[in-house]
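Taken straight from TrEMBL:
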DOMAIN    10-405  domain 'Amino acid transporter transmembrane'
TRANSMEM  12-35  transmembrane segment
TRANSMEM  41-61  transmembrane segment
TRANSMEM  88-108  transmembrane segment
TRANSMEM  128-146  transmembrane segment
TRANSMEM  158-180  transmembrane segment
TRANSMEM  200-219  transmembrane segment
TRANSMEM  231-254  transmembrane segment
TRANSMEM  343-369  transmembrane segment
TRANSMEM  381-403  transmembrane segment
Amino acid sequence: METNTPPKSGTSFLKTCFNGVNALSGVGILSMPYALSQGGWLSLAIFITIAAICFYTGILLQRCIDSSSLVKTYPDIGELAFGRKGRIAVAAFMYLELYLVAIDFLILEGDNLEKLFPNASFFSSFHRIAGGTRQGFVLLFALLVLPTTWFRSLDLLAYVSLGGVLASAILVASVLWVGAADGVGFREGGVAVRWGGVPTAMSLYAFCFSGHAVFPMIYTGMRNRRMFPHVLLICFIICTLAYGVMGVIGYLMYGGSLRSQVTLNLPARKLSSSIAIYTTLINPFTKFALLITPIAEAIEGVLGLGTATTGGKPAQYRAAAVSVSVRTALVVSTTAVALAVPFFAYVVALTGSFLSATATMLLPCACYLRISSRASGKLGVLEIVACVGIIVLGLGVIVIGTYSSLKQIVQSF
């Protein structure tokens with residue numbers, strides 16, 4: 001397949017790396033120790049396997065986009081492969097996944113801010129409105145993050161993404177410092193495997209590498225698209241190392257007593273703990289807009305805002321106002337759901353098993369097999385075996401992980 005002619009303008013290689021790492025290094029880094037405690041040390045083999053699979057399926061998405069100049073987005077890939085029904089199916093999974101991850105960010109902010117300020121008397125007005133301290137902090141975060149969702153340029157978002165990349169690095173360093181210098185130590189041996197927790201671990205690992213919904217937007221926005229495989233490789237290496245280090249040190253520090261977010265285990269009133277939690281709070285600020293943008297652009301496309309470049313300044317002002325309204329409505333709705341479903345680990349696991357595994361494993365392989373068989377008439381045996389194997393594995397994660405996650409959510413009410 002030939003690569004589409006790279007655009008003369010677009011996001012540079014370095015800025016694309018920032019956006020890619022920021023898209024991958026999400027809230028999953030906080031749940032990695034918990035995932036490892038659920039599955040045991042041997043589940044790290046599953047983690048590495050899922051990382052390799054997701055890198056490969058990211059390359060498959062690029063090949064699908066390169067197969068036609070009309071393909072720009074993930075739903076476009078679904079339509080090229082399976083027609084209108086394929087487009088609807090891909091869009092539904094993709095946008096629902098991004099939506100739930102945005103909800104996860106809000107829940108995370110509420111949990112960690114409550115840990116920092118359990119008796120926030122200055123926060124009484126939000127406390128009364130929301131019905132609790134954690135809920136009040138969720139509302140506050142929603143108000144603060146709202147302006148970042150109004151950016152429409154990947155170039156601008158790259159600067160925000162740089163903050164997210166730095167925050168992730170500081171977070172890992174801070175947790176390591178807590179274990180090495182603040183008296184916690186690395187004395188927990190852990191267990192080799194916990195079969196009952198493997199479904200939860202698999203789901204959380206799949207969630208860690210759920211950037212595929214954003215990859216087409218990042219790829220098509222590149223100045224030199226031929227460099228995308230290199231960008232993807234760099235992003236996956238960095239994020240796999242960061243996730244792995246966080247999982248190992250967290251498990252060695254707290255073992256089976258790990259909570260859904262490792263920051264909730266950290267000792268109170270320690271400088272390193274405060275730094276870790278504060279950087280945790282920064283991360284969602286840097287990533288929320290990147291997740292909301294594809295959903296907002298899809299809604300704006302349905303409303304015809306993508307073609308509102310004519311008609312003079314009044315028409316452009318109206319289009320901008322509607323765009324801001326759409327993005328604001330998305331923030332409001334995700335906030336409402338976050339207030340209603342406060343179970344961070346279970347929502348993350350459900351997102352990873354049902355939606356992330358579908359978007360990162362199942363759909364890329366199915367679409368690539370269909371598009372390639374039509375375009376060239378034949379596929380290599382290794383490609384077919386690899387794609388079919390990934391599809392089977394993805395179905396296993398979806399069925400087992402989704403059942404386990406829904407069962408935990410129901411039992412928590």
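The chain as shown is numbered from 1 upward.
Cβ coordinates are placed from backbone N, Cα and C, and glycine is handled just like the others.
Since the structure is predicted, the reported quantities are computational estimates derived from the model, not experimental observations.
Here the transmembrane segment (158-180) lies next to the transmembrane segment (231-254) in space: the count of CB pairs under 8 Å, restricted to residues six or more apart, reaches at least 3. For the transmembrane segment (88-108), same-chain residues at least 6 beyond its ends with a Cβ under 8 Å from one of its own Cβ atoms are 26-27, 30, 74-75, 77-79, 82, 138, 141-142, 210, 213-214, 261, 280, 284, 287-288, 291-292, 294-295, 298, 330, 334-335, 337-338, 341-344, 347-348, 350-351, 355-356, 358-359, 363, 367. Note on the transmembrane segment (381-403): residues 53, 56-57, 60, 199-200, 202-203, 206, 349-350, 352-354, 357-358, 360-362, 365-366, 368-369, 372 of its chain, located 6 or more positions outside it, place their CB under 8 angstroms from a CB of the stretch. The stretch from 12-35, 200-219, 231-254 with the most CB pairs below 8 A to the transmembrane segment (343-369) is 200-219.
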